[in-house]
């Protein structure tokens, strides 16, 4: 069977880092016989510039027809003055919603070669391996009513709605428990059940779902404490289950424990197993076009795609080993460079990983 991948480079550094992931994909195709086809489409600011919308119909149709999606990044200051409905990020949110990509997997793994790049002491972060499972299509980012208005005192007022249904919570909880079963069988659910009724329900439903997974140790933590614990003792966590907004914040916090946000991939999955894969970092418009962006997160996103959407653990492990080898050889992009390493650009890092892949 030939895998069909929709490629959405997006904005900023997106096209540069996606190009390196495609080098790796081409190597898997030419050297290891992976049957794969790719087709490109626009999303985000690039799509708005070309079509007047951040999420063109053609892009949605391509993504629906594809087996999986590889995304670069969206957004940038150029499009910030636009109406909220036309901003690049709305294209990404629309894609998640249309394809029902409800389960966002964000690993935070510290490579042994990069322990010194973390802002925390080596004894605190060495061996870090956390998986954050974030609900992606509900919560305050999608809740209605939302908007801005003038209140009865004549003041401007903004309002959003935090809402989750029982079925939405149950669905993401099952996803998190299943992932925990494949790891170290520990799941910590993050909420604010002491002040928010929505997350009080979240905790109740997670406890109910947990009864189906007696082999997984379930714990609960308020989000403010979770943020503190990620800095104080991050290795206490295995799998963290969060709602949309809490996960958005905590996953970036966890990412910086690893030394660079440029190292971390993510997966957004539908119940069918179809997924969208992207680095967790943004479009970094300040370095776009300079050839210095770190492509590793995007390359590892490709590895996650092969593992989670196509059950191809062999190819995923080949990519992971190739990344490890390139790091062992001392290659570093600017964001992870340190004394005694070889600082290289985006393309050179991609080339080093491809060379290591061929030698695996």
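Numbers run from 1 along the shown chain.
From the backbone N, Cα and C atoms, a Cβ is placed for every residue, glycine too.
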Same-site residue for substrate (record: Swiss-Prot; known: 96, 106, 224; options: 64, 134, 186): 134
Nearest recorded site to residue 284 (NAD(+) binding site) by CA-CA distance, among recorded positions 106, 192, 224, 252: 252
From 76, 84, 141, 248, 252: recorded positions whose CA lies within 10 A of residue 96 (substrate binding site): none
Per-residue Cβ crowding (10 Å cut-off), top of binding-site residues 76, 88: 88
Cα-nearest neighbour of residue 134 (substrate binding site) within the listed recorded positions, 76, 84, 141: 141
